[in-house]
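What follows is a set of notes on a single structure, which appears directly below.
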Amino acid sequence: MRVQAEKVKHKAKNFLRTLGACGAPSGHAKKMEAQTKQNLLERRKARSLVKTVINIGHKFLVLLVRWLSRTIYGEHGKRMPPITNLILMESATALATKIRTRKLTSVEVTQAFIDRCKEVNPLLNCVVDDRFADALQDAERADKLIASGTMTVEQLEREKPFLGVPISTKDCIRVQGLLHTSGIWNRRNIRGDKDARAMELMRRAGAIPFALTNVSECCMWWESVNTIHGRSRNPYDANRIVGGSSGGEGCIQAAAASPFGLGSDIGGSIRMPAFFNGIFGHKPSKFVVSNEGQYPVALSEEQNSFLGIGPMCRYATDLKPMLRIISDENAPKLRLDEPVDLKQVKFFYQLNDGGAHLVSPVDLDIRDGMEKVMAHFRTTVKAEVKKVYLDKLRKSAPMWLANMKTPSKVGFDSQLTNLEGAINPWLELAKWPLRMSNHTLIGILTALTERGGVKYGTDEYHYHVRQKEELVNEFREMLGENGVFIYPTHPTVAPYHNEPLIRALNFSYTAIINVLGLPATAVPLGLGREGLPIGLQVVAGVNQDRLCLAVACELERAFGGWVAPEVKA
């Protein structure tokens, strides 16, 4: 709208110049200019009134859907099986240490997590494929290598730091022999012919792939549901979402059914599931971790800069060694072994996006949690803390949507067919209520609306690109090489299933960080009033990932980190 207003103003000025060149009286020109300004003012008032009405209507709709959800689902979901095996409570790093020093065997550890998967999956539906038998064989080989003594403990720690530890990942990151569907019906029978690069590196470090987890259809929505594997449910309340697209991965971690895993993130797909499930998740700096082996693939260099594979885990201590492995030859850029003195770190924070259109207000629990965190850094750590207001964050959603546009003719309607033609979204919408469509409602609606909005290469597109570049500069100047930005990961705790349909733009809190190419870590802060996880994200400058990880470790120490779920009846 602002772009249209600028266009009108520009045309008016050109018209006035033309009048002046033709010898029009200056008084008449001034009158015309005044009239133009008045017209612009009236249009802005009219648009503002329309926005206000839409926002009020949207808030009423949100309240109505929440009431209906509670009526349909009830206050809480079914009880999840308690954690009884203490092996499940260990970090991946601790397990690796105990395995290579023979305090535990890899077979014991792998079997414990396999048993836990089988125990929780009937309720949570987070695991969609597995290689349990092959994983146990890999575990036996790891134990034999350790027992052989051909490598010292120090060598194992250096060359195979996660030897014998089972690892999971989402169903869009290729694992040899496992499904590789990305939640797309036309890919339901496709299996990985080899590991994605990130998983290959983790396997080389000794980790044992054992489970594949659920995603949203085509990995482009923030609830993990598709027509192949169904819907995943939150370990803290089975009536709530797990997030997306790495939702099954967030779920399996929170349920203590996997020690650690890999997720991917183009608009918050690591951090939102991490937030909803109360675990840690890190989106690396742009271009640090290879995206090879993911589907769908980025359609431009710009999209590729948004997309990143990163670690998801219950314990902050696992983030750094995982990132070091998967960043491979780019690891030196991150200087992960360089110590971070938190007293020298500058902390900036903003409690909300400034009131974006159709985005939910930030929950009181989340705001209170953030204020406690900042008080901790201000008083206990004695660091410099500053509250800021970055106005452009109000435009996070339109900025992400515009910058995601590419010159490619490949649309979401084509992605949903695995690039084998394109769906007819209107026909699929007609079939959906009759349960005759192979696609989710949100997938169909996305295909319908995708070709609307900002067009690639238009004035409005370039306007949002400029806005992004200006915001990149603002963050660069603010953060420098020793600053972090504390910001909500999401404005609300995990909503009920299907609620994201009427809260669609809430993903903008994470999406804007992808647009900027910055590293960000989702950090849990315990449970809120509803018994659901709350948390925040820690953002740093490009390639300053170590600052995010250091802050995450400090917050885990101070606020407890992951809390084992016990779903109330």
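The first residue you see is number 1, and the count goes up from there.
Using the three backbone atoms N, Cα and C, a Cβ is placed for every residue, glycine included.
Owing to the predicted nature of the structure, the values given are computational and were not obtained by experimental measurement.
Feature annotations, courtesy of TrEMBL:
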- K170: active site, charge relay system (ACT_SITE)
- S245: active site, charge relay system (ACT_SITE)
- S269: active site, acyl-ester intermediate (ACT_SITE)
- 108-549: domain 'Amidase' (DOMAIN)
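The two recorded residues S245 (active site, charge relay system) and S269 (active site, acyl-ester intermediate) have their Cα atoms spaced 5 Å from each other. For S269 (active site, acyl-ester intermediate), the same-chain residues lying six or more positions away in sequence with a CB closer than 8 A to its CB are C219, W222, G243, G244, S245, S246, G263. A C-beta separation below 8 Å, combined with a sequence spacing of at least six in one chain, links K170 (active site, charge relay system) to L212, T213, N214, V215, C219, S245, S246, G248, E249, G261, L262, G263, S264. The number of other Cβ atoms within 10 Å of the Cβ belonging to S245 (active site, charge relay system), over all protein chains shown, comes to 33. For the domain 'Amidase' (108-549), the model's pLDDT averages out at 97.
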